[in-house]
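See below for the structure under consideration.
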Amino acid sequence: MSTTTTFSDEVKARLEVDAKEIIGRYPQSRSALLPLLHLVQAEEGYVSAAGIAFCAEQLGLTKAEVTAVATFYTMYKRRPVGDYHVGVCTNTLCAVMGGDEIFETLKEHLEVGNNEATEDGRVSLEHVECNAACDFAPVVMVNWEFFDNQTPESAKELVDDLRLGNDVRPTRGPDSLCTFKQASRLLAGFADDRATEGPQAAGPSLVGLELARERGWAAPDPDDLPPAPVLDEGEGETK
Amino acid sequence: MTTDAQPATALTPVLSRNWDRPDSFTLQSYRETGGYEALRTALNTDPDSLVNMVKSSGLRGRGGAGFPTGMKWSFLPADNPKPRYLVVNADESEPGTCKDIPLMLANPHVLLEGIVISAYAIRSSQAFIYVRGEVLHVIRRLKHAVAEAYDAGLLGRDILGSGFDLDVVVHAGAGAYICGEETALLDSLEGYRGQPRLKPPFPAVSGLYASPTVVNNVESIASVPSIVANGVEWFTAMGTEKSAGFGFFSLSGHVARPGQYEAPLGVTLRELLDMAGGVRAGHELKFWTPGGSSTPILTDEHLDTPLDFESVGSAGSMLGTRALQIFDDTTCVVRAVGRWIAFYAHESCGKCTPCREGNFWMVQVLDRLEKGEGTEDELDKLLDICDNLLGRAFCALGDGAASPVMSSIQHFRQEYIDHVEQGGCPFDHRKSTVWGADS
């Protein structure tokens, strides 16, 4: 963990170019604060004192103002996470479907607690709240990519592969994982070129559509609408 | 539960109808299925007529509250000289809700087309998509779609030669459920802690940068092109009189085929469960949420309740986001509720005392109750805390937290008492897991 409170001149010069671009997207500069925090997290793997000082300087804010924001949001980390940050959903639905068992298994297997990284710095573990993939429960995220329908065994295999440097493929995501720092850069608004990789939709996302196709169901034909129901204007009734 | 009977209501895939094309997220694919045709129509229509069209369609906000979308648009003051903003709420994070994320992954262009039409209708030339940060690939797809749209002249200056300009910025959040609340979202988008603002003034009058602003959910905005393309009567041919149109019904949990079912509002859970192969084999429905964890839980008594805003309201809950989380007889309701409240406690922004303190204390009480270390009196304590939360918190997060507690005590009071009397949880949690159904 860096103990200096400012970035080196080289880092600063490089990030200033990015910061200028980010600030330019917004009608008012302060709107750039969240992406700038993602940007400094992309540099160091967490939001350090130097990162906070950088954001403050770019936006003309005090370090206290930036710190107040950085500490409000769960995704900004105050200590370095692993290259691969593993989030296990333990909100009610995933927990009931097996997320609790997956989280316990991974804590034991990796010998880490919540929000801790393995000694080699490869993998960190956190329990996360609902990640909007409930129809794929139980869900595990790695660097904010979806690993759907997990079991304790599949999750163990996943983190073993991450530690060994083997390729792993998200179930609904690009062909391989980027690192936590690279993920943070994307969140700062700098796109990589992987948007077209991976499936458009999978499994549960398609069950309704497939059933509709099978049964010949569709939304009404706009050129052949059923007659509108005649409202019963019963005698003597007033609104 | 029968699985072979044909339900009376048929599915109506509109937003999901191209999702089985492997390239559904590309501009070319979207255009091949009629995409951006509605935009041409819209740009040749007077903006006020578009607002009226959306108003008469009866489209109600798909993000949970169900406020009429067209009415929200019409609240923008005509005489305010400041720029107007359109902000899309893509911060989907209400527990159980999982519709906007697959929509943006599979078909980001239908959202973009909706954004251009809606921005034109409300005379805004700057839109933002506030998307939660924890969905990397969705952000890639959104940014890719925005870039494609700029290249094709569908965004930027003089869109399709109409003289209308629009810029769209994809803005990633950083992990805060409260930012799904529209005024907290605006504070967050302005670079502050995401805390809700006092209303009024509503965002329509004083929103982003204190300018007139419309904040709409992803699915609401994505539904607009279909209304423009097919007409108001087409939209109102689906759904009920006061809850018009279609929407995603997201089934999750102990159900044979969980997933997205796009259906007219007013479909019932019984019909949807028939389509989804029923509750998982060998088990019975115990409780469910109609629209996420903030909507009071219902039971098998409510299988035939039409899932529209009015009927679910009359049944004592809320339609919410149509996030149907299904729990079978292996599930401990005390554990389920305790976990939800731990979530609300974690996500409470801390601004108001009832929510910050109430949730903190409810976690302590529920934790004791679940372990069998609580007392029956503590049920009254929970209800008392809820009484201080519901309607007394600064925003809907506090109201939402009271929902699972109050409704679970209403329907399953005895189960709480069983924990007290047995000195522990009477359920084997392993049996609730996906792999533990037969253990």
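One is the number of the first residue shown, and numbering goes on along the chain from there.
Backbone N, Cα and C define each Cβ position, glycine as well.
What TrEMBL says about a protein is an automatic prediction, not a curated fact.
Some features that TrEMBL has for this protein:
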- A:C89, A:C94, A:C130, A:C134: [2Fe-2S] cluster binding site (BINDING)
- A:213-239: region 'Disordered' (REGION)
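The structure, with features from TrEMBL marked on it.
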residue	record	DSSP (3 states)
A:C89	[2Fe-2S] cluster binding site	strand
A:C94	[2Fe-2S] cluster binding site	helix
A:C130	[2Fe-2S] cluster binding site	coil
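Proximity to chain B (CB-CB distance below 8 Å) holds for A:C130, A:C134 among the binding-site residues A:C89, A:C94, A:C130, A:C134.
Neighbours of A:C94 ([2Fe-2S] cluster binding site), defined as other CB atoms within 10 A of its CB across all chains, total 31. Around A:C130 ([2Fe-2S] cluster binding site), the C-beta neighbours below 8 angstroms that are at least 6 residues distant in the chain are A:C89, A:N91, A:L93, A:C94. Here the Cβ of A:C134 ([2Fe-2S] cluster binding site) has 30 other Cβ atoms within 10 Å, regardless of which shown protein chain they belong to.
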